[in-house]
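Input: a single structure, listed below in structure tokens.
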Amino acid sequence: MVEAQTWTTRRMSNPRLDSTASADHEVLDIPVTPTADVRNSIYNVGSHLSPNLLTALIIASWFMSNIGVLILNKYLLSFYGYRYPIFLTMLHMISCACYSYAAINFLEIVPRQHILSRKQFLKIFALSVIFCFSVVCGNTSLRYIPVSFNQAIGATTPFFTAIFAFLITCKKESGEVYFALLPVVFGIVLASNSEPLFNLFGFLVCIGSTAGRALKSVVQGILLTSEAEKLHSMNLLLYMAPMAAMILLPFTLYIEGNVARITLEKARSDSFIVFLLLGNATVAYLVNLANFLVTKHTSALTLQVLGNAKAALAAFVSVMIFRNPVTVMGMTGFAVTVMGVVLYSEAKKRSKLQLTTH
């Protein structure tokens, strides 16, 4: 161990030193020089995993969390008999609020940002309302339609995004972009007509969820435009989640009754419900964390591509687990929709590239 050293500076050897200092010497402490073992342990942190392996693990975690929350929601709402999608969504929001607070304030995964004005608060509150609507509709649809059909409908998000962008901001896309949306719509029409377990109410609320998700992305781009008001995705979740939970509370009490008492009584007779609800709420937060990590270690474009692959994989996994019937025409419609989304993404990239070159 190298002992701590001191560096004594003589008075008057530097004219900037005050001769009226209380001590005869100014003593500067030099930290202990780390040993070779300590230095190596510091520099080797994170070097045990190669960047490619780390990225692969993050992407695998992203797939597991995104598909896991769908499977758990479907099992709880359709097979286990827990028919309270609004209360379940409120638990998701409470979980996201708690985990986000811990992740930002204690783990410091991102710097903490604060709401700076009442105007910014109202903007985030408006996003929370849309967020609530989208998530509740998505969870409710899982009571009535299979995960595979749910994901096929969810793949039409770009179609609704283009519509809302035009209606709200008058933003026009190129003809190629709009043309690419045709197979998106055609595919979902094909899948709907051949879905063995088609349910009109489930279909409509899933359409509402998809439209709400698209509306939120457009409105967010409008409301949080200034650099001062822009929030990191994890900070935005930190503020939106508790707002969403408070918005959902009166709705779950009015529509679903005394669901808290029912849940507690259920937990006394079957403790497995506690594990299901806590696990489901935790995975709901991990979805948001995985989205952030994938974007950080790859790009937003990679996240978009993974979203297309996730829809197909989630449909396959759900069919394997729940054994819901599928038809060749339904699978074809799903494939056409996903292909349309890919074409749409490529057309958007080319359109942006042309705008930057002109």
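A Cβ is built for glycine as well, from the same backbone N, Cα and C atoms used for every other residue.
The feature domain 'Sugar phosphate transporter' is assigned by TrEMBL to 56-345.
Sequence-distant contacts of the transmembrane segment (53-72), counting only residues of its own chain at least 6 positions beyond either end whose CB sits under 8 Å from a CB of the stretch, comprise 142, 147, 150-151, 276, 279-280, 283-284, 286-287, 289-291, 293-294, 297-298, 306, 310, 313-314, 317-318, 321. Taken from TrEMBL, the feature transmembrane segment covers 53-72 (among others).
According to TrEMBL, the transmembrane segment annotation covers 84-104 (among others). Counting residues 6+ beyond its ends, the transmembrane segment (84-104) has Cβ neighbours under 8 Å at 73, 76-77, 110, 112, 132, 135-136, 139-140, 142-143, 234-235, 237-238, 241-242, 244-245, 248-249, 251-252, 255-256, 259-260, 262-263, 277, 280-282, 284-285, 288-289 in the same chain.
Per TrEMBL, the feature transmembrane segment maps to 124-145 (among others).
Beyond the ends of the transmembrane segment (151-170), by six or more residues, the same chain brings 70, 138, 141, 177-178, 181, 184-185, 187-188, 191, 203, 206-207, 209-211, 213-215, 217-219, 222, 308, 310-312, 314-315, 330, 333-334, 337-338, 341, 344-345 to within a C-beta distance below 8 angstroms of the stretch. According to TrEMBL, the feature transmembrane segment maps to 151-170 (among others).
Marked as transmembrane segment by TrEMBL: 177-194 (among others). Packing against the transmembrane segment (177-194) from elsewhere in the chain are residues 149, 152-153, 155-156, 158-159, 162, 203, 327, 329-330, 332-341, 343-344, 346-348, 351: each is 6 or more residues past its ends and has a CB under 8 Å from a CB in it.
The transmembrane segment annotation in TrEMBL covers 236-255 (among others). Taking Cβ pairs closer than 8 Å, the transmembrane segment (236-255) reaches residues 84, 86-87, 89-90, 93-94, 96-97, 100-101, 104, 115, 124-125, 127-129, 131-132, 135-136, 224, 288 in its own chain, all 6 or more past its ends.
Residues or ranges marked as transmembrane segment in TrEMBL: 275-294 (among others).
Here TrEMBL flags 328-345 (among others) as transmembrane segment.
Residues of the same chain lying 6 or more positions beyond the ends of the transmembrane segment (275-294) and with a Cβ under 8 Å from any Cβ of it are 58-59, 61-62, 65-66, 68-69, 72-73, 75-76, 80, 82, 88, 91-92, 94-96, 99-100, 103, 109-110, 233-234, 237, 263, 302-303, 306. Same-chain residues lying 6 or more positions outside the transmembrane segment (124-145) and placing a CB less than 8 Å from one of its CB atoms are 70, 73-74, 77-78, 83, 85-86, 88-89, 92-93, 115, 153-154, 195, 197-199, 201-203, 205-206, 208-210, 212-213, 215-216, 219-220, 223, 231, 236, 239-240, 243-244, 247-248, 251.
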